[in-house]
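Straight from TrEMBL, the features:
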- 1-395: domain 'Major facilitator superfamily (MFS) profile' (DOMAIN)
- 41-59: transmembrane segment (TRANSMEM)
- 71-92: transmembrane segment (TRANSMEM)
- 98-122: transmembrane segment (TRANSMEM)
- 134-157: transmembrane segment (TRANSMEM)
- 163-185: transmembrane segment (TRANSMEM)
- 206-231: transmembrane segment (TRANSMEM)
- 237-261: transmembrane segment (TRANSMEM)
- 273-292: transmembrane segment (TRANSMEM)
- 298-327: transmembrane segment (TRANSMEM)
- 339-359: transmembrane segment (TRANSMEM)
- 365-389: transmembrane segment (TRANSMEM)
Amino acid sequence: MGVNVFLFTFLCEASKHVLMAGWFNCAGEVHKKLGISSEKLGMIDMSFLICYAVGNFIFGILGDMYHQKKVLCICSLIAGGIFSTIILLSYFQIMTFALFTVLFAVFGLFLSSIWPMVVSIMGQEYPHAVRGKVIGLWSVNSAIGDIIGYFISSLLLHLFSSWILVLSIVILQFFVIILCTFFFMKSHDSPLSKPNISILDALKTPTVFSYCICYACVKLLHMAILIWIPYYLEVELAINIQIEGVLMILYSIGGVFGSVVSGHLSDKVADRSFVLMFMLIGAFPIIILLSFVLGTSNIISCIVCFVTGILIGGGSSLLCAVVAADMGDLNTTYEAKSIFTGFVNAFGSIGASLGQYIIGLLQGYSWGVFGVMLVTNALGIGNLAPVVYRAYKKRSYREFNKEGSVGGNLDNKK
């Protein structure tokens, strides 16, 4: 059953990112063909991410109440239907900015169901002792999806110059994966023996709020690179679209490498926050270097994008997958794997949505966008610092212990 669950949950999240990467890579073409300004594109992305955040709260709660596979597949099919409507209306040239914004908001709401469901399913499938390396490897799904999405969209845009064709192909693969998951994935029944944790109790759980705010900063960084960098390369620097695709693919490959390595290392150290802090501190000079090398040397740009992917993309995967799955073990009195995962990702989406609005306002000022990225990275480190200090001060105590004796640890803490 483990391989079956690993495969289908992996494919669901990867196909979601193929879909999203296809849209992000087409943003420059939408800007040109439909005359939607960069500020309005930022508003569309913000509406998507805000509703994506709200959806994570909602579906995080529902995932602990109902059968997770059914919630995952039904909501994903609704999201696919909405995206198909966007493509159809765009093809017939009857799409307006207001309609774009509303449809993308609803699309984001239902698409958000995927992550809390698949992380919760994986958290039930694999125990803590192997979770770092298994879910660390599994969480490359987003980076793999981004790589495939950017490759397909860049190739098709180069050959056919049709963003409608690109989006039609990526939504088709999404439907195929979700339908296969519905019919062929085996899954645990949703546990009903434990009551659901309340929202306030979830936020009061040790370290959860700090990790949530930290992920809001990390996801803002991650999404800024995925959404804004392609626009910046194409519109501001007039970089060839193939080079643009290569740079984004290398960033995603770096994310794959960073996710696997950080997940494995986090099983070896006293606390996963140590690994995450090291990655965020290392991201500082890399962001500064990225602001100088983009548009200069292609070779140096490729290297820096790859390293950026290791630190930011890998750190994002470690935090939203491995750490989020661990949080479900913090209190065995409640059934909370889905809601904790939803909380972390919801805060991440809120941070990313606010970031996209700010970046949309600063599109013409690259120094301003990179400045926002540096400040955001500093805020992420600041919120993670208390967790790291606490873990360092009490190295013999692990918040997420491998034996799962959470109650014993809490008693020792007292």
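Cβ coordinates come from backbone N, Cα and C, glycine included.
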Where else in the chain does the transmembrane segment (98-122) make close Cβ contacts, counting only residues six or more beyond its ends and a cut-off under 8 Å?
5-6, 9, 12-13, 16, 36, 43-45, 47-56, 58-60, 63-64, 68-69, 71-72, 75-76, 78-79, 82-83, 85-86, 89, 134-135, 138, 187-188, 320-321, 324-325, 328, 337-339, 341-342, 345-346, 349
Let me spell it out: take the transmembrane segment (206-231), skip the flanking residues so only those 6+ beyond its ends count, and list any with a Cβ under 8 Å from a Cβ in it.
21, 24-25, 27-28, 31, 38, 41, 45, 49, 146, 150, 244, 247-248, 251, 276, 280, 283, 287, 294, 308, 312-313, 315-316, 319-320, 323, 327, 330, 340, 343-352, 354-356, 359, 363, 369, 372-373, 376-377, 379-380, 383-384, 386-387, 390, 399
Short question: most Cβ pairs under 8 Å with the transmembrane segment (273-292), which of 41-59, 71-92, 134-157, 339-359, 365-389?
365-389
